[in-house]
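*Asks:* Here it is, the structure, as structure tokens.
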Amino acid sequence: MTAPASAPRLAQARRIVIKIGSALLVDSANASLRLEWLQSVCADIADLRSRGAEVIVVSSGAISLARHRLGLTSRRLRLDEKQAMASVGQIGLAQGWSAALAGHDLVAAQLLLTPDDTENRERHLNARATLQTLLDLGCVPVINENDAIATGEIRFGDNDRLGARVAQMTGADCLVLLSDIDGLYTADPRQDPSARHIPVVEQMTDEIMAMGGEPPPGYSSGGMRTKLLAARIATRAGANMVIAAGQEHHPLRRLQNGGLCTWFMAQTDAGSARKRWIGGSLQPKGTLTIDAGARRALEESASLLPAGVTGLEGSFGRGDLVLIRDADGSIIGRGLIAYDSEESQKLIGHRSGEMEQLLGYRGRDALIHRDDLALDLP
């Protein structure tokens, strides 16, 4: 568990998801945002953006902001009360992020997600496409769990795992968990003075997972255990993950400058992880037959456009898996389709510019985006 020569660096990442917990963002004394701290984080984000990185924020804090304002601080909240607190606090949280990012000429965009948005294929495609468009427009998406509607049975439960799912969904190459601790230790350093800091974790073994404990008291619903669960998700999806202390101003700058932290090494790259999932974990619902020109385009890593599709079989919904067959009848790949079978039938053989006339609305140009393709070409 010693640092390898090629230990990752934040400056090397091109798409970064940053998770920030309630205890860092909300001042427990007066239940308000730590505005100077938040402004320093946004300055760090602006610096990362200036270096060419795309940044997505996963931010807790809505419930913590609201429960003090509404006088519900002395007892554990019921689920319906948490949902009400989220509705109240989310407004102030979004306003705080918007103002702080605007100070660096950055535009904030708010998204509230539930597990279904990352696990249901159709909603997954919608959420990912929205995030990609926001990044293309130069925005900084600020994401939180949609606590106002999520139930106990269908919720992430903590934003560490939400951050990992967002990293997985967007193909991020780095997930940063800013915390009240500077990484993983062999034991809880607050209770065991002999605990040793672990700078790099190369494999998520049972021994590593056993180092997680119960969540500490206070605002945060997460603890080291949830961070290790997030690390397992993120590293399997091809993202490096880092746990770093975030209490002081400019925590990302300090991380870039070599501050104490723990890196969890990606077990693959994001593209390969996604293509393995598409290629081997789902059952196909239909088949598209393509012409020679479309095959050549796929060989050059292009998306599958409707003009190159000559035939369609099966009944499928948006986000379902379909097989791709070339003109010789060979199955050359599979992918997640952006339209259902009825709409796809209307589109095949037509140019993307005709989509609006054919469907009555302007949809996505590709039947299958290149990121949703897993090819098996000879």
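Cβ coordinates are placed from backbone N, Cα and C, and glycine is handled just like the others.
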*Asks:* For the substrate site that Swiss-Prot assigns to Ser60, Asn159, which of Asp47, Asp147 is also named?
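*Replies:* Record source Swiss-Prot; matching candidate: Asp147.
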*Asks:* What is the Cβ neighbour count of Lys19 (ATP binding site) at a 10 Å cut-off, with all protein chains included?
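*Replies:* The answer is 31.
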*Asks:* Please report the Cα separation of Lys19 (ATP binding site) and Asn159 (substrate binding site) in Å, rounded to an integer.
*Replies:* 7
*Asks:* Asn159 (substrate binding site): which of the binding-site residues Asp180, Met224, Thr226 is the nearest Cα neighbour?
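*Replies:* Of all the candidates listed, Thr226 is nearest in space.
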*Asks:* Listed substrate-binding residues Ser60, Asp147, Asn159 - what's their greatest C-alpha to C-alpha distance in Å?
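*Replies:* It comes out at 11 Å between the most distant Cα atoms.
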*Asks:* So if I draw a 10 Å sphere around the Cβ of Ser60 (substrate binding site), how many other Cβ atoms end up inside it?
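*Replies:* Around the Cβ of Ser60 (substrate binding site), 29 other Cβ atoms lie within 10 Å.
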*Asks:* Going by DSSP, is Ser60 (substrate binding site) sitting in a helix, a strand, or coil?
*Replies:* coil
